[in-house]
Structure formats: C-alpha cells, structure tokens
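All remarks here apply to the structure that follows.
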Amino acid sequence: KVAIKGIERELLCPACKELFTHPLILPCQHNVCHKCVKEILFAFEDSFADGGSESSNQSSPRIRLSSSSMDRIDRISRSGRKRNSLTPRSTLFPCPGCQRDIDLGERGINGLFRNFTLETIVERYRQAARAAIAIMCDFCKPPPQESTKSCMDCSASYCNECFKIHHPWGTVKAQHEYVGPTTNFRPKILMCPEHEMERVNMYCEICRRPVCHLCKLGGCHANHRVTTMSTAYKTLKEKLSKDIEYLISKESQVKARISQLDLLLKETECNSERAKAEASQSFEKLYHVLEEKKSAALRAIETSKNLRLEKLQTQVEEYQGLLENNGLVGYAQEVLKETDPSCFVQTAKQLHVRIQKATESLKSFRPAAETTFEDFVVDIAKQEDILGDLSFHSNGLEIPEINEEQSRMYNKALISWEFPGKTDSADIYILEYHKLNREEENVTWQKIQVCGKSKVVSDLDDDSSYAFRVRGYKGSICSPWSREVILHTPPAPVFSFLFDDKCGYNNEHLQLNPRRTSVESRAGFPLLLGSERLQVGCYTTLDYIIGDAGIAKGRHFWAFRVEAYSYLVKVGVVPSNKIQKLFHSTHDVTSPRYEQDSGHDSGSEDTFFVSSQPCTLVTLGMKKFFIPTTPGAPKDPASRILPLPSCLGICLDCDTGRVGFYDAGHMKCLYECEVDCSGIMYPAFALMGGAAVHLEEVVTAKYREYHEDI
C-alpha cells in the first residue's frame with residue numbers, strides 16, 4: 001500500500017506550486033490546474049495586447065510563473081504568431097512543466113481532458129492530511145452537521161437526515177450512487193471535449209488521448225491509429241504495472257543511489273567551504289599587496305610634502321629678512337652706522353654680495369618647490385581591467401579555438417569557434433574584438449556575450465583589420481582566452497546583386513540556380529558544334545552574363561568564388577552604354593596572331609586588342625589568375641600568372657575611375673587598372689567550357705542558423 005503522504009511532490013501544480021485543483025491534461029502529458037491554465041492564457045493574451053511582458057500575472061497572487069515561462073511568453077508574442085481571420089484558430093500555451101510552447105488546437109482550453117484519476121489521488125491525500133477534519137453537510141441549516149455520505153450524481157455531501165429528505169424511497173434519486181464523505185466528484189462517463197454529447201470509447205495511439213467515434217470519422221484523428229478503450233486500458237495498465245514492479249525490485253539500488261547522493265551533498269558542502277576559504281585567502285593576498293602599495297605611496301607623498309614644506313619655509317624666512325628692520329636688511333642698516341672706514345669695508349664687502357643676490361632673487365621670483373603632486377598620481381587603468389576580468393580559472397574548461405575556415409568577413413563578420421575536443425563544456429561565451437591601430441597604445445576591446453558558438457558582428461569600418469578572441473564560461477569558471485585571429489574588412493561597402501537572367505542571358509550554354517547566385521557553363525553539345533568549324537576560320541566565343549544591379553557613383557566591393565575545375569572565366573565590369581556591344585562583340589577568344597601561319601608573331605596587337613574591348617575583364621582558369629597584358633605589366637609571362645585564390649573580390653571606385661581585383665580571403669589587391677565610368681557600371685562575367693561562378697552570400701544575423709539547417 002502506497003503511503004499517501006510520501007507522494008506530495010507528484011501532486012503539486014507546476015504553475016501555482018499547490019495541490020492540484022481540477023487538473024487538466026496538456027498535449028505534452030503534463031498536468032496543470034484548470035484555474036492556472038486560464039490565468040496563464042490571460043497573461044499570454046495580455047502580452048499580445050501590451051506588446052511586452054507586462055501581463056496580468058502581477059495581479060494574480062495564486063499563480064507563480066517562472067522567469068523562463070514569462071520569457072517564452074514575451075518571445076512568442078514578439079514573434080508575431082497571432083491569430084487572424086485567414087488562419088485556423090490555434091492557441092499556444094507555455095507549459096510550466098516542460099518549458100515548451102504547446103499548441104492546444106482550435107478549441108484551446110475546452111479541448112483538454114480533466115484528470116479525474118489525479119483528482120481522486122489528491123483527494124485521498126487531503127483526507128490523510130486533515131485526518132480528523134470532517135466534511136460537513138451541504139444542506140443542513142446552521143449549524144451544519146457532519147456528513148455521512150456523498151452523492152456522486154448530485155455532487156454534494158449529506159448527513160443521514162438530509163440524505164433521506166433529498167433521496168426518498170421510490171424516486172429516481174433513490175437510485176443515485178453514493179460513497180463516503182468526499183469533496184471529489186467525478187462523472188460516471190467521460191465525455192469527449194470536442195463532441196460534448198459523445199462518450200469517449202477509443203484511444204488515439206498517435207496523440208495519446210481518449211477520443212470518440214466522431215473524432216475518428218471526421219475529426220482531427222481521422223488518419224490516426226486508434227484502439228478500443230478496453231485494449232488501451234489493458235495494455236497501459238500492464239506496462240505501468242511492469243514498470244512499477246521493476247522499480248520496486250530495484251529498491252536496494254535506488255537506496256544505494258540515494259546514499260551516494262547524500263554523500264555527494266555533504267562533499268559538495270565541504271568542497272564549497274574549502275573553495276570559499278581559498279577564494280578568501282586569494283583576496284586577502286590581494287588586499288595585503290594593495291595595503292603595502294598604499295602604505296608605500298602614502299609614505300612617499302608624505303616625505304615629498306615635508307621636503308617641499310621645508311624648502312618653502314626657508315624661502316619664506318629669506319624673504320622675511322628683506323623687510324625693513326628685519327633680517328638681512330636690518331643687519332645692513334646697522335652696518336651702515338659704522339664710521340670707521342677700515343672696519344666698514346671689512347664687513348660691507350661680504351654683505352654687499354648677499355644684498356645683490358637677494359635683489360636678483362626678488363626680480364626673478366621662483367618658488368623653491370612645486371605645490372602640485374602630479375608625479376604621485378597612481379595609474380590603475382590596467383589593473384582595473386585585470387581585476388574586472390578576475391574570475392575562477394579551471395584547467396578542466398577547454399580553451400575555445402576560432403575556426404578560421406568557417407569564420408568570414410564580408411558585409412559583416414561571422415566568427416565561429418569550437419573546442420579542440422569537440423565538446424560543448426561552456427554555458428556562455430565572451431567574444432571580444434578591437435580594431436588594429438598602431439597609433440593607439442591602450443587597446444579597448446569590445447565585448448559581446450554569446451550563448452552559441454558563432455556570432456555575427458556588425459558596424460565594422462571598411463578597409464580595416466580586426467583582432468578577435470573568445471573565452472568560455474561555465475558558471476563562475478572561465479577558460480583562458482583563445483588565440484587572437486585577425487580578419488580584414490573589404491576595402492569598400494559590399495554591393496549586393498544577382499545574376500541577370502534576362503539581359504543577354506544564353507540559357508543554351510549557361511545555367512543559373514533558382515536563387516540566381518550561381519552560374520555554370522557546361523561544355524556540352526552546342527560547344528562541340530561551334531568548335532567543329534575552328535579549322536575553317538570560325539572561333540568559339542565567350543558566354544557573357546551581367547549583374548541585375550548597376551553602380552553610378554561611389555566605391556563598392558563584391559566577392560565571388562570560381563570553381564577549381566573551371567577552364568576559362570573572365571570577370572570585371574562593363575558600362576551600360578557598352579552592354580549591347582558586349583553581347584554582340586565580334587572579338588573572339590582566339591586571335592589570328594596566335595596561329596602559326598598567320599604572320600602576326602609580334603606583340604604589337606596587344607594594346608589594340610585590350611583597348612578595343614567593350615569592358616574591363618581579367619582572365620581566370622585552370623586554377624590560375626592571369627594579370628592582363630598592359631604596358632605597365634611585367635614582361636615575363638610567368639610573373640603575370642598567380643595562383644587562383646579561393647575567393648575573389650572586385651573593388652570599383654567610380655569617383656576615381658579605377659577597378660581593383662582582390663584576394664578576398666586576405667583582402668589583398670592582385671591587380672588594379674583604370675576604367676571608363678562614363679555610364680552606369682555593371683558586374684560582368686564570361687565563361688567558356690566547363691566553368692562555374694558562385695556569388696558570395698552576404699552575412700546576416702540568421703546566416704549561421706540557415707547553413708546549419710541545410
């Protein structure tokens with residue numbers, strides 16, 4: 001027999017922390033008082049109306065919502081998940097038991113079952129708790145008598161006399177079911193909350209709740225797997241009985257675990273006291289050091305003060321001697337009274353020198369000591385920073401490492417980190433960064449608290465370098481700082497665009513992805529047909545594609561990636577007044593001067609060929625970056641061929657008429673030249689053979705979450 005008083009913990013509502021009153025079963029299988037459910041829903045609706053967390057919960061002394069529950073209410077209300085006339089009516093409920101947001105469906109609270117079994121157990125507990133407290137008759141005139149039985153059909157308690165009056169023999173009420181005195185009245189038949197006139201006779205195995213035949217025929221359980229109530233009763237009772245028997249059989253093991261936990265409780269108490277003592281000892285050492293420094297500083301100031309006062313006092317006495325009938329002047333006046341020339345000369349010579357010095361000091365007055373103590377100002381800025389970072393240090397908490405491959409700098413900075421052991425041992429992280437500036441001596445780190453292992457940092461200056469570092473915290477314990485990683489911002493604001501699928505786009509040779517961020521040139525059958533006539537003077541041409549947005553002024557930067565297998569790709573810019581010429585250009589990839597028998601063996605055609613092009617492009621391909629042939633370019637062909645960076649960038653300055661081609665990974669300029677910016681400038685790309693170009697995606701606040709979902 002289970003001791004009723006030992007199960008009180010299971011009978012407390014997670015919302016009000018009191019014994020259940022008319023508990024309702026939520027879809028997550030947790031129980032909450034009917035009144036608590038209503039109050040939480042009222043608080044939830046108020047949060048929608050007020051747009052914040054100022055809810056009616058403050059005026060309800062019964063309910064005690066945790067801060068996490070209120071945070072979830074605020075989060076859901078801010079997310080805009082409200083009902084309107086175009087969407088199915090649905091009610092979200094923040095369950096205080098599992099801390100999740102539960103969908104109560106269209107009927108809301110009216111679609112929940114009342115847990116009569118739990119009510120019965122709570123009633124037995126209350127009876128065991130109050131023991132001698134009797135249940136009084138509901139119908140007696142004052143003073144009421146103690147009840148002797150309760151009618152389950154009338155939901156009332158009666159004494160013997162009142163029961164006979166209200167349940168006379170020979171009437172229908174005489175057939176009512178009565179039990180011993182109780183305050184827990186439950187219906188004889190459990191009715192469906194969605195179809196109030198139908199009794200539940202089946203059990204939905206998917207939703208794990210009783211349903212009626214109408215729910216199965218045309219309701220929300222139409223396609224669910226159901227079983228008869230008797231079968232569900234038998235199955236669940238057998239499972240519950242087996243589980244209970246298993247736990248009872250493991251009673252010795254449970255007691256051993258309890259004993260182990262008791263020891264851990266005592267050990268935790270002892271270790272915490274030891275940690276407190278060690279922390280106090282550490283701070284006492286700091287106090288001792290500070291007291292010594294304080295005493296030394298005060299002694300130095302006092303010594304300097306006494307020395308300065310002594311010098312100034314001596315100077316005061318010297319100047320007081322210059323007063324009439326006082327000191328040096330008085331003595332000189334007495335010497336002047338001497339009438340014997342030989343005696344006067346003997347004394348006056350030395351006195352005259354002293355008088356001259358006093359006169360000179362009077363003309364150029366300067367205090368004998370400084371009154372300020374600027375040399376004794378204690379600089380504690382660095383010490384304040386160090387003490388501000390003072391925390392518990394544990395060798396058990398790993399040092400996080402910033403993943404340079406996953407971190408990237410574009411329109412914003414995406415910083416990602418991980419632990420070497422691939423464990424997530426920290427609760428929160430502190431990400432710090434600062435701009436590298438040689439002129440600044442004292443570095444000021446910007447701090448950001450992060451719950452995950454990545455963070456998007458905004459508002460960084462263009463064409464700058466930033467240092468980043470991160471450390472982990474688990475409670476009050478922190479890890480050492482990670483190694484600093486330096487990233488470079490683009491030389492200009494990022495220009496966003498997509499590939500244009502209308503202007504000159506050749507869908508026979510080029511293929512765009514649905515988002516228009518990638519273009520691919522396939523060396524298929526059409527290219528073979530074009531190449532078949534190469535021997536009779538026809539040449540294969542490039543397939544061009546441009547961006548769907550242009551630049552009229554200012555300085556802009558964009559980045560992209562070229563697949564390593566790409567045979568030939570050209571990238572650059574084209575003015576709007578030459579776009580038509582670009583797509584109808586007669587210039588080909590192959591020039592007659594490269595043919596063995598053409599007679600054009602000199603390089604005199606280079607300048608004409610480059611200047612005659614309608615756009616400014618550089619050539620990429622076969623994992624190489626080719627610096628264009630210009631008068632200022634190196635004459636050695638090998639020095640004009642560079643390894644192809646993993647990510648390329650183009651910086652266009654319309655104001656100065658220059659375009660630069662960058663290694664976007666390190667923001668290093670590979671080649672720069674002048675460009676005609678007379679019209680609106682568009683990003684331009686050309687592909688031939690097997691090649692592909694992918695535009696670099698801008699970094700957004702949801703960038704990391706999106707790619708993790710993929």
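Numbering starts at 1 and runs along the chain as it is shown here.
Placed from the backbone N, Cα and C atoms, the Cβ positions cover glycine too.
Here TrEMBL flags 55-70 as compositional bias 'Low complexity'.
For 187-229, the entry in TrEMBL reads domain 'B box-type'. The list of residues near the domain 'B box-type' (187-229) in space but at least 6 beyond its ends in sequence, with Cβ under 8 angstroms from a Cβ of it, reads 25, 27, 29, 105, 107, 110-113, 116, 152-153, 177, 235.
Positions annotated as domain 'COS' by TrEMBL: 336-393.
Feature annotation from TrEMBL assigns domain 'Fibronectin type-III' to 399-492. Averaged over the domain 'Fibronectin type-III' (399-492), the predicted model reaches a pLDDT of 87.
Feature annotation from TrEMBL assigns domain 'B30.2/SPRY' to 477-704.
Residues or ranges marked as region 'Disordered' in TrEMBL: 50-70.
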Helix, strand and coil totals (DSSP H, G, I; E, B; other) for the domain 'Fibronectin type-III' (399-492): 0 helix, 43 strand, 51 coil
